[in-house]
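Q: Got a structure for you, written out below as C-alpha cells; questions coming shortly.
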Amino acid sequence: MKKQAIGFIDSGVGGLTVVKEAMRQLPNESIYYVGDTARCPYGPRPEDQVRKFTWEMTHFLLDKNIKMLVIACNTATAAALKDIKKKLAIPVIGVILPGSRAAIKATHTNRIGVIGTEGTVKSNQYKKMIHSKDTKALVTSLACPKFVPLVESNEYSSAIAKKVVAETLRPLKNEGLDTLILGCTHYPLLRPIIQNTLGDSVTLIDSGAETVSEVSTILDYFNLAVDSQNKEKAERNFYTTGSSQMFHAIASEWLQLDDLAVEHITLG
C-alpha cells in the first residue's frame, strides 16, 4: 500500500501547482495526475455536472490503485468532496479547508479576501469554513472567470494577463484586506502579477501548498507514507483529456521536469 501513488485531479493544469508542492514536500511519493482540460473551466458549470466530471476522474484513478485522492481543484472540492469522501475507503482531501485555516492564521486585521471561479464563490464554502473557525473574520469574495483561461492558454505571464488581473481585482483594492486566498489552483501561476496588483501588504494564501502539508500529515497518520529508505524512483504519470502538447508545455515549464510524459485520455 505504501508504494501506491497519490492521485491528484483538477479541471485542467491548475492542480499542477499542488503537484509541484507535493514533489517538494514529498519527493519519494509517486503521483498520478488527471487534468480534465477538454471540459475546463469548471467554474461556470452546474454543480451536479462538476460532481459528475469529478467522479469520472476519480474512477479513472481508482483503477490505477491509488492510496489517497487529492481533489486539487476548488470548484470540484466545493461540489464533490463530501460525496466522494463518504463513498471511498481511501483518504480523500480537498483544498478549501487547508486554505481557510492558513488564512485565519495569517490575518492580523480579520479582513480576508477570497478569489476563485464562479462555482467556488457561489458555493460560499470558503466563507462558511472561515466563519466556522473564526466568527469575527470579515470575508470578501470575488469571482475571477478570466483567470483560468489565461493559465490554460499559457498566457499567465503575458501583458494581457497583467491587464486582466489589474482590471478584475480592482474591486478589492479598497476593501482593506491583509490576506487573500488564491481559491483556485490555477491562480498561483498568476501569483507575481496578483501580488504586484494588490501590493506587498496583502499576504497571498496558496490553498494548494497548504493542502500538501495536510496530505503529509494524513499519510503519516494512516501509515501510508513511502519509507524514507526506499530507493525506488517515484513515478510521475500525467493524463489529460485535452491537448497533450499544450499540457506538456505548461507542465514541463512549471514542474521543471525534463522527462515528463503526458497521456491523452477520454472520460465520460
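Cβ coordinates are placed from backbone N, Cα and C, and glycine is handled just like the others.
Swiss-Prot lists Cys73, Cys184 with the feature active site, proton donor/acceptor, giving sequence analysis as the kind of evidence. Look at Swiss-Prot and you will find Asp10, Ser11, Tyr42, Gly43, Asn74, Thr75, Thr185, His186 tagged as substrate binding site.
Walk me through where these features lie, including what they touch and how far apart they are.
A: Secondary structure at Cys73 (active site, proton donor/acceptor), taken from DSSP and collapsed to helix, strand or coil, is coil.
Within 10 Å of the C-beta of Cys184 (active site, proton donor/acceptor) there are 33 other C-beta atoms, taking all protein chains into account.
The Cβ of Thr185 (substrate binding site) lies under 8 Å from the Cβ of Asp10, Gly14, Gly15, Leu16, Thr17, Val18, Ala72, Cys73, Asn74, Val95, Ser207, Gly208, each of these being in the same chain and 6 or more residues away along the sequence.
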Q: Return the residues near Thr75 (substrate binding site) by Cβ distance under 8 Å, restricted to its own chain and a separation of at least 6 in sequence.
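A: Spatial neighbours, sequence-distant, of Thr75 (substrate binding site): Ser11, Pro41, Tyr42, Gly43, Arg45, Val50, Gly116, Thr117, Gly119, Thr120, Cys184.
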Q: Given the substrate binding site residues Asp10, Ser11, Tyr42, Gly43, Asn74, Thr75, Thr185, His186 in the record, what is the largest Cα to Cα distance, rounded to whole Å?
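A: Largest pairwise Cα separation, rounded: 12 Å.
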Q: Relative to the mean position of the Cβ atoms of Asp10, Ser11, Tyr42, Gly43, Asn74, Thr75, Thr185, His186, the recorded substrate site, which additional same-chain residues have Cβ within 8 Å?
A: Gly12, Gly14, Gly15, Cys40, Pro41, Cys73, Ala76, Thr117, Gly119, Thr120, Val148, Cys184
